[in-house]
Structures are given as structure tokens and as C-alpha cells.
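TrEMBL has this to say about the protein:
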DOMAIN    216-245  domain 'EF-hand'
DOMAIN    262-284  domain 'EF-hand'
DOMAIN    299-334  domain 'EF-hand'
DOMAIN    338-373  domain 'EF-hand'
TRANSMEM  6-23  transmembrane segment
């Protein structure tokens, strides 16, 4: 770190200490409005989890919170895995609980430990052990890195979210791989892999099943080196194809889009099939990224026809799987898209002077923005911020 950066952070640190010492110890109307860490607001951990890889929950801003939720999720995942994979153990455990059998099932110890869970929430709400201001002071220099200038920009916050997201995703992938890698050789063959329960329990017309997300073609497209096995990176791509750099898998995504959208089953996408579905998805993506262009506001089909014409490289009036490649990342957004969405939301709420970036003082002034995914307003009277609703 340069001498100028050191001086900058010393100055900011002194300012923070001044703000902390100046702020009243008792709760105030200001604390209540800004989601202060007081009796009206309690930090809560998620208590329910969706194990579909296509989900996009808000990314915990704080690594400590992320670690707590990861541990909680692991316990819930283990419980569901035992229920689906070893129902006889669950039945045995139920009998034990009701007095039918005296010995608990082997899976009994892996059930969610609510005492530990509540202890974790108590920790988060103990200002002596988990002080939000101290956490923000600690995390700020880890985010402010490109460059280190005393401001957190959208790109820096997006990168911070990306790092957190990548860690979460790889953790889940490793967890799934440990289950399916039956011979423990560090690879997964198609014979070893079983579709997750939400696919096994669905009918043949459901989205995940019909699109072939768990079929051999998907597996082979994920096998970048063609050795018939998936290593950890390839298996991660298999579970999260939107983020892959593997051209085979990206083309597979395009083929599945054609298969899903091709209502007349001629193997290609007509303009009508494009307009009623795909175009809305692309337009929504562009509007979210503030770069939408609609030259024909009074003609709804105008922009769609323009985009369709740009994609239809051979001019045959239809879109093939290859011709969908330029927009596949808009149809299936990457983790970067969601990380940027979250960064945009945070800055929009905490940027007091509206200069498009955050100072440490602004972050300390708006703690609810960074921890709103787990804030619970007990009286629900004037809590104007709900990150979950905004982000979804």
C-alpha cells in the first residue's frame, strides 16, 4: 500500500472514531429509521433454503454471515439428502422419536441443530461480539482495492460480491461432488450421477426435465476435455452452465433454448417464437443493465424485428442454435449480472451525495443496506427497505 493510501486510511479512521464517539449510546429516532442495531431490529439468518442450482439468493455482504448461513445450509442439505437417499433411516429415526425404537437412526445426529442456529443469531445481535460499525471499518479496505482511493465503486463492490458468490457456488459443487463421486477418484462419470430430487420428483413436462438439464447430452457438453469424466471445474459448469467458458456447453444451452421455444418442432426459432418469449427476456435483461434501446416505441414488434434480423446471419428468417450464441448470456444471466444488480442496489441506497460511489462514512451511516438481507424489523412500522423484495 502506498504512503498516500496509508495517510488516507489513517484520516478516515480518525473520522470514524469521531463519529462513533459522537453518536449517542441510547437508541434514537435516527437509529430506528436507519435500521440501527437496536431492540427494534434483529439480525436473522436464513432458515429455509432452495437447493436448485439455478436459484439466485442475495449474496451475504459479510463473510462472517456467509459462513454462518453456509453451515446452516449444509445441515439442512444433509437432512434432505438423508430423507431422499435413505428414507429407511428417517423412518427409523421417527420411530425412535415416538418411542417405537429406542436407538436413534445413524442420520439422527445430522438433523438441524436449532440450538447452535439460535446461538449464531445471538452472536450476531451481541454488539460486544459482532459490531456492525466495526465490521464495515474492517471490510472497507478489502473492497476498496481498484484503486485504493477511499471510495468503493460499483465495479469494486461487484467484484466483492463475485468473490463471495464464487466461494458459495464452489462450496455447493464440492458438496454435491462428494456425494456423487462414489468411487472417490475425484471425478464423476455419467453412471455415478443421479439427478437431484427436484428433477426425479417432477413430471416429464417440467422445465428442468424437458430441457434436458440432467441428460447425457448435458453431461457430455460439460466434459470439456472429452475424457468421459467430470472434474470439479467441469462438474461446476455442469451445475451452473450459464457461467461456463466452455464453448460446447454454451452451444448446448442454445440448443436447449431452441428445444424449449420451438413450438412447431421444426428445429429452429421463427420470429413469432422469438417474439413471444425470448425477446422479452432479452429486453428485460437490457433494461436492468440500463442499456436498452427501443427505436420504435409505438410499434411493439419493431425492436424485436431489428434484433431478430441482427441475429439471423444467414437471412433465412429463422434462428438456429448457433445464431442464439450472441444473446445466450442475456437469456441465462451469469453470476456477474446478479452481483452487479446487488452492487447497484446497495449504492443506490447508501450513496448519500449521489456521486455513484461509497465512502466509509456513508457505509456506516447506512448499515441496514449491507445487512438488510438479514434484518428483521420486529414492529414493521417504517422499514422502507427490503433487499429480498428489491433483488428478486
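Backbone N, Cα and C define each Cβ position, glycine as well.
Each residue in the domain 'EF-hand' (216-245) has a pLDDT score, and their mean in this model is 95. Counting only same-chain residues 6+ beyond the ends of the domain 'EF-hand' (216-245), those with a CB under 8 A from a CB of the stretch are 53, 169-170, 172-174, 176-177, 186-190, 193, 251-253, 256, 329, 332-335.
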